[in-house]
Ligand code: C5P
Ligand code: MG
């Protein structure tokens, strides 16, 4: 059984940065759904490259069959990690249903780490971060925020109802955010 922590929050809320620190210090393996999709987009011979590119530019969500297969493969190829940080997933109802269908009995959701941050600040961070992403421009960001507000936030609310959400405010320095994150892991995941 894989232990899983889902990491959610608006684009630019610091998911990747915080997950890297958790991986380094707490021994969880960081799996970013977006990174896995970008790697699959680049993979020679991938039949999904064009489809993934289209969704990434539009800020829309790739069908779960593709994303969940990438996540499950990555987990199975990671040896016996104490747990996985599944960053940027599940992003919509399709992601959630597909995960439940494919991963029930194989993965245990420990909790959902919700990095909350006012959207205008997140947008500014994305425009400033200069990672050369094809979707860190104003037009794509507008669509990504739409997707977050209408599709992802309801998924966070769903987990909230099940008592699984641990919210950490991320409009702060990395050190301050990370200190609270460590608290959350100490309380819930028995690191
Ligand atoms: O999480 P990140 O910002 O890296 O995601 C970039 C893009 O990858 C999203 O806007 C979306 O198009 C795609 N994605 C997806 N399904 C996920 C995660 C990311 O389709 N679960
Ligand atoms: Mg990311």
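Using N, Cα and C of the backbone, Cβ positions are placed for all residues, glycine too.
Per TrEMBL, ATP binding site is recorded for 12, 13, 14, 15, 16, 17, 129, 172. Over all protein chains present, the Cβ of residue 172 (ATP binding site) has 14 other Cβ atoms lying within 10 Å. Taken residue by residue with DSSP, residue 172 (ATP binding site) is part of neither helix nor strand, so it is coil.
The annotation region 'NMPbind' is assigned in TrEMBL to 32-62. Sequence-distant contacts of the region 'NMPbind' (32-62) (same chain, at least 6 residues past either end, Cβ-Cβ under 8 Å): 15-16, 19, 70-71, 74, 86-89, 91-92, 94-95, 134-135, 140-147, 151.
What TrEMBL records for 38, 60, 61, 62, 88, 89, 90, 91, 133, 144 is ribonucleoside 5'-phosphate binding site. In the three-state DSSP classification, residue 90 (ribonucleoside 5'-phosphate binding site) falls within coil.
The Cβ of residue 95 (CMP binding site) has 24 neighbouring Cβ atoms from other residues within 10 Å, across all protein chains displayed. Positions annotated as CMP binding site by TrEMBL: 95.
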Neighbour-count leader, CB within 10 A, binding-site residues: 12, 14, 16, 88, 90: 90
C-beta crowding around residue 129 (ATP binding site), within 10 angstroms: 13
For residue 15 (ATP binding site), the one of 38, 88, 133 that lies nearest, given that the binding-site residues are compared by Cα: 88
